[in-house]
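Swiss-Prot lists Cys48-Cys85, Cys70-Cys113 with the feature disulfide bond, giving similarity to another entry as the kind of evidence. Among the features that Swiss-Prot reports, N-linked glycosylation site is placed at Asn28, Asn45, Asn62, Asn84, Asn96, Asn102. Look at Swiss-Prot and you will find 1-24 tagged as signal peptide.
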Amino acid sequence: MGLTYQLIPALVCLLAFTSTFVHGQNFNNTLKEIIKTLNILTARNDSCMELTVMDVLAAPKNTSDKEIFCRATTVLRQIYTHHNCSTKFLKGLDRNLSSMANRTCSVNEVKKCTLKDFLERLKAIMQKKYSKH
């Protein structure tokens with residue numbers, strides 16, 4: 001019995017370490033998938049890339065990544081629900097970004113940009129984030 005009580009703290013620490021490791025791996029895999037999808041989308045030269053979207057990536061410096069990703073998912077949803085544009089890729093991008101974002105956020109941007117510019121800037125943000133991990 002004494003050995004069991006001695007093993008419990010060690011097992012708890014081991015469990016905590018492995019869950020942190022798995023979470024880190026999932027995060028890196030999500031970032032890779034987002035960047036891959038953005039590479040595919042930004043390589044396209046169809047008319048959808050010229051659509052005007054809210055420039056939510058031009059947020060103040062003190063805006064958290066989770067808030068920026070939440071706003072980006074809002075823009076993506078508006079595109080694929082109102083336009084028949086690369087829906088499969090935009091939905092996948094939305095799903096992956098949502099896993100890294102706040103659940104709710106407000107989007108009231110006045111500035112606009114093209115979808116292509118939006119996706120290019122989002123790709124740069126994600127590549128920078130990936131290089132830090």
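Cβ atoms here come from the backbone N, Cα and C positions, even for glycine.
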Using a 10 Å radius around each Cβ and counting other Cβ atoms from all shown chains, which of the glycosylation sites Asn28, Asn45, Asn62, Asn84, Asn102 yields the largest count?
Asn102
By CA-CA distance, flag whichever of Asn28, Asn45, Cys48, Asn84, Asn96 among the recorded positions is nearest to Cys113 (disulfide bond).
Cys48
Given the recorded positions Cys48, Cys85, Asn102, which lie close to Cys70 (disulfide bond), meaning Cα to Cα within 10 A?
Asn102
Starting from the Cβ of Cys113 (disulfide bond), draw a 10 Å sphere and report how many other Cβ atoms land inside it.
19
Which one is it: of the glycosylation sites Asn28, Asn62, Asn84, Asn102, whose Cα lies the shortest distance from the Cα of Cys48 (disulfide bond)?
Asn84
Cα distance, Asn45 (N-linked glycosylation site) to Cys85 (disulfide bond), nearest Å?
12
Near the Cβ of Cys85 (disulfide bond), how many other Cβ atoms are there if near means within 10 Å?
17
Of the glycosylation sites Asn62, Asn84, Asn96, which sits closest to Asn102 (N-linked glycosylation site) by Cα distance?
Asn96
